[in-house]
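Annotated domain 'RecBCD enzyme subunit RecD N-terminal' per TrEMBL: 29-106, in sequence order. According to TrEMBL, the ATP binding site annotation covers Gly179, Gly180, Pro181, Gly182, Thr183, Gly184, Lys185, Thr186. Per TrEMBL, the feature domain 'UvrD-like helicase C-terminal' maps to 506-552.
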Amino acid sequence: MTEVFEPVDAADRDLALGATGLLGRFNTAGVLTAADIHVARALGALAGERDDTVLLATALACRVLRAGSVCLDLAAVDRDVAPDLPWPDPDAWRSAVAASPLVAQGVLRWESGLLYLDRYHEQETQILRDLALRAQTSPPHDPDLMARSLARVFDEAGYDEQRAACLQAAREWTTVVIGGPGTGKTTAVAGLLVALHDQFTARGETLRVALVAPTGKAAARLQEALDTARLDPADRSRVEGVEAMTIHRLLQRDPGSSSRFRHHRGNRLPHDLVVVDETSMVSLTLMARLLEAVRTDARLVLVGDPDQLSSVEAGAVLSDVVRGYAERPDSPIVSLTRTHRFGEHIGDLARAVREGDADRALAVLSAGDESVQWLTDARSPQLRALTVDAALALRDAATRGIVDDALVALERHRLLCAHRDGPYGVRFWNRRVEQWLTAETADPLHDHSYPGRPVLVTSNDYTLGVHNGDSGVVVETAEGRRVALPGPDGPRLFAPSRLGDAETMHALTIHKAQGSQAEHVTVLLPDEESRLLTRELFYTAITRAKQVVTVVGEESWIRAAISRRAQRASGLAVRLGATTPERRNLGDTTGD
Ligand SMILES: Nc1ncnc2c1ncn2[C@@H]1O[C@H](COP(=O)(O)OP(=O)(O)OP(=O)(O)O)[C@@H](O)[C@H]1O
């Protein structure tokens, strides 16, 4: 089932002027927006397509993009959500789409039952082409030196998976390192940086490294993990000076265009090694832009957890790549399977959710371990106690003006919600925690800059160096109240009025929490009717916890979450699986 029928927002429910026939019916029913209809009509006029059913498919192909799909899977359209609408007969619909002038003229692409707007098909095709091109040759490397470097960096038993990841990345231009939280992905990256540094130095060259992540928050976490990776002082000096940044910053936005970057196929990045962390959050479009900008003779290492929620924008590139290569002999995937950080119980819960084993997940939740707690009712006094304790700790440090302590307190607890609105939403819970706090302290909280207010920045301000997703806290200082945000060289302080768009963050959506972690995470599940409740969402939420996770929700909601998959239509996995590997210098893994 594709997500064609995620209910449109109230603001979306606009009617297209003069929309008649099928498009008009689907528009009035709230399935299509005016924008979907506008695009379908404009493309239809361009190609001379008058068949209403084809225009309907075109409009739906626009609609699915908003739900994260790259294309419309015509056979999987779920008619039950709007059963009274005049759906075309499936066979006739397929034939009409296949025979459409829109397809003949390349405005739309029709492949294996999937209907694409040309741009997205082109991006998939480009990714496939670039991956194939990168796999035709292999990089020069000295295996003996590699073995010596890895023996030094991973000098204890138990690092076989990390070693395997580094060896693959030494041998091939493209490597995909996948694993859940705490499986040692960053540790593998740190080892790889050191080992490749040795390789380049031995050849009298300097290794140029780019370390990137899709969001500023994820880049900051990657930097922190690398800075604290277990390396001896000599090896540490080999990775010093490597700065993690966002993919957008690496590619550099072209000031003359909102969608182009300075680095592209005609102006490639200079780096010899590009490592991308949190790749699950990278959209199809951004991956296409990145792949074309990386030199074909530069190593690319994609790191991430394919079981997490996919990008906000269309595409599920990491999980598609993993599925697409599953049966291929030339797969660049290295899987890290052993968890090294979690308490055993959070790891067990995450595994049960990932594997779809609801009975096992409920058994772990019921076992009574202090690292995995379960509250069936959001009215539980325990939920109030733990959110108020976290808010009070923040308020205490902030009122005393101890900025470092306030920022530490900010990382202690996160209340995560699936929705923004409604009884399980962020807005409701932010207000509720503030009310509880007022009841506890008698502080008036009508002022938005009260000390201890946790703040989430929601837009980029390049002059201030503040990014969407940054989080901080209002603190009392000698100069007055300031919002403290963590920075690479210590806390940064801003007058509250200088920070543009910011929200209160006693509660946060799971989507916005992607790429970050906190010591204790409380996951407030929505009821089983929620359209957002999926296994990927639940897994992403649980795995934000470093030490303790509290799940709030009834058994049936947990079962619903685990049984429902977030599905995105895309052709990448199938097209990748069907590609025949082509190798120019197979077996040539040594020497230049
Ligand atoms: N093979 C190993 N044996 C023992 N400890 C390990 C091993 N690999 C990593 N660790 C330790 O486990 C912890 C987590 O490792 P790391 O940060 O590399 O994981 P990760 O997969 O990048 O985590 P995440 O992406 O979830 O932050 C670190 O403290 C690291 O030193």
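Glycine is no exception: its Cβ is also placed from the backbone N, Cα and C atoms.
Keep in mind that what you see is a predicted model, and the values were worked out from it rather than measured.
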Handout entry: Secondary structure at Gly179 (ATP binding site), reduced by DSSP to three states
Key = strand
Exercise for the section: With H, G and I counted as helix, E and B as strand and the rest as coil, say where DSSP puts Gly184 (ATP binding site). Expected result: coil
Problem - For Lys185 (ATP binding site), nearby residues of its own chain (Cβ under 8 Å, 6 or more apart in sequence) - result: Val177, Gly179, Asp277, Val303, Gly304, Leu336
Handout entry: Residue, out of the binding-site residues Gly182, Gly184, whose Cβ gathers the largest set of other Cβ atoms within 10 Å
Key = Gly184
Practice task
Please work out the mean pLDDT for the residues of the domain 'RecBCD enzyme subunit RecD N-terminal' (29-106).
Solution key: 92
Completion exercise
Residues sitting within 8 A of the centre of the Gly179, Gly180, Pro181, Gly182, Thr183, Gly184, Lys185, Thr186 CB atoms (ATP site), not counting those, run Asp305, Leu336, Thr339, His340, Arg341
Completion exercise
Helix, strand and coil residue totals from DSSP for the domain 'RecBCD enzyme subunit RecD N-terminal' (29-106) stand at 48 helix, 2 strand, 28 coil
Completion exercise
Counting across all protein chains, other CB atoms within 10 angstroms of the CB of Gly179 (ATP binding site) number 22
